[in-house]
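Q: What TrEMBL lists as substrate binding site is B:GLU204. The Na(+) binding site annotation in TrEMBL covers B:TRP205. Annotation source TrEMBL lists signal peptide at B:1-17.
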Protein chains: 2
Amino acid sequence: MRFILCILCLSASVVFAESKIYTLTLASSWGEQIPILGSAPYKVAKLAEEMSQGRLIIKVDLPQKHKAPLGIMDMVKEGLYDIGYTTPVYYKGKDYKLVFFMTVPFGMTTTEQYAWYYYGGGKTLSEKVYAPHGLISYPGGSVGISMGGWFKKEIVSLEDLKGLKIRISGQGGDVMARLGVNALSTSPGELYMAMETGLLDAVEWISPAFDMAMGFHKVAPYYYTGWSKPSGEGQYLVNQKKFHTLPQDLKRILESAIKITARELLDESNDANAKTWAKMQHEYPHIKINHFPKEVMNALKKAAHEVEEEQANKDALYKEILESQRSYIAKIRPWSMMGEVDYLSEIAK
Amino acid sequence: MRFILCILCLSASVVFAESKIYTLTLASSWGEQIPILGSAPYKVAKLAEEMSQGRLIIKVDLPQKHKAPLGIMDMVKEGLYDIGYTTPVYYKGKDYKLVFFMTVPFGMTTTEQYAWYYYGGGKTLSEKVYAPHGLISYPGGSVGISMGGWFKKEIVSLEDLKGLKIRISGQGGDVMARLGVNALSTSPGELYMAMETGLLDAVEWISPAFDMAMGFHKVAPYYYTGWSKPSGEGQYLVNQKKFHTLPQDLKRILESAIKITARELLDESNDANAKTWAKMQHEYPHIKINHFPKEVMNALKKAAHEVEEEQANKDALYKEILESQRSYIAKIRPWSMMGEVDYLSEIAK
């Protein structure tokens, strides 16, 4: 047993800080080559370490190490990792409700989704979904709205979609499938090759900054506008048992490091998209920006509604979240339109 | 001199945390009666205390105590308070450059402004502006876009603005003044009475949730859409000398508590605006939502440009920030329009 000299104890204003070092492991879905997402978990780790004076250490493993970019949720659930950095839609096969915490087709934008999550009941619903898995989920940062994807051929009618092999993640894939599309969930590292060799006819990935880094513009000239992922929210999953081994201050520090990194990820994405979009227009004039035809958009909306109704009939909690999001959109959308959309449209006139 | 038993020193993984208690004082521009803004600094204080295990204490004083809601900047500069919660535009009389860190007429929306601030050079420019004042400034949270204000009479032409007594803060006031308006900066607590007694003909305040709480709809039926404050950013000012007396971990904790509170303030504002907007449409159908006529909007744009050019000729750093924001808008606006604005407009069709 050792004694130390407590030089600070001479003053009355002294607290005895817990000083054990806690080390947590984190598995990420995205490697260093993926812009912005690749570096995000390192930012969480750095900030947590700084705020805790080195008492909270997070060790990050990338897919090349853990080999399971689409299996993060299970690894954290089983305690193989303490934290996962991933996105809820990768696990819709296990629990379809998870899609609500990323984004749904024709759903909320990032600002709307955050208002719903923090002030409209979303957080409580998230806890209802994740607690039975032994997990705590935090919004992990949005890349903003996603584009509708890169297509090798122009889509003029519904007929053109039939039989197309498209990589499209999340609920968008199930919606597209109803229109006769062969919706695939090819893993990120294989996408470019699949497009080049014809295994894929189209790919929905994210938005300009992320898409151009993947090189899709070299193999597919038609770039469609967004409908499937109005907000691309990631998530940090934390093993609940492990979380509760942390002292109170480190719990708050971990949450805060996640929250700040998540918010600044949207800024970084918007900045990168702005730059890439400007560059695209300039350097790649062959890229054709298209809206899907009205006929296709209507069919997508109808199919999205059908997918939702089907799930709602199977799962009461899914239904509760669906209704929460739908009624929230009904309330917040008129303000989105009256506020920023009106401003940006009016001053552009 | 005392000794304490270090029961944790038995393990190798031990750090000796600094354990002195630091107490900082904070003066806020807004009292408890102002929705959202009134409670924000208490949230910063609570989070900082939790993350620091009670080593960082922030004591909040409201205007009823310090009596200087529009004098926060000077009080923090002089060291009367360590932190101020306020908004840069209140101090444009001292330094016109400050307006850029809240918002400028026809400028960036909140998402655009954050991308500029964190990834487009804004933070560095902010430091250039505030360091000579001995201050560190942090974005304090945006209430989102502001409406154009409540008018007792409809504005049909430029002529209708001449001689009107309008409370309008920030650069918007200087712009309006060029159109013959008598632009006043009545303090928040006196606004309703001034409208009721005819000291004011119109008032630009914030947005539905904040405006309805002030009761303006009872005395002025015309509610104009926004142009003057596309993002209503607050700020936390910290006395630089005081900040540097904090140990490294508490510096990060203070910054983090501010950042999180600032971000969630936008969510809370959006949620409150969505609810209030819905309620307005329902319960107060007499409120008339108007755009200013094209003639007025064009005159406002021209006047805003003139105000900016005039300031740019007087102050090189103002000019540098103006050019930074203008070129950033040129880059990010096309992506704003192609992303969320296009999505929200298309699915509304």
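From the backbone N, Cα and C atoms, a Cβ is placed for every residue, glycine too.
Tell me what's around each of these sites.
A: With a cut-off of 8 Å between CB atoms and residues at least 6 apart in sequence, the same chain places B:SER146, B:MET147, B:GLY148, B:GLY149, B:TRP150, B:ILE166, B:ARG167, B:ILE168, B:SER169, B:GLY172, B:SER228, B:LYS229 near B:GLU204 (substrate binding site), listed in sequence order.
In this structure, B:TRP205 (Na(+) binding site) belongs to neither helix nor strand by DSSP; it is coil.
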Q: Which chain-mates of B:TRP205 (Na(+) binding site) that are at least 6 residues away have a CB under 8 A from its CB, listed by sequence?
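A: Non-local contacts for B:TRP205 (Na(+) binding site): B:SER146, B:GLY149, B:TRP150, B:ARG167, B:LEU191, B:ASP211, B:MET214, B:PHE216.
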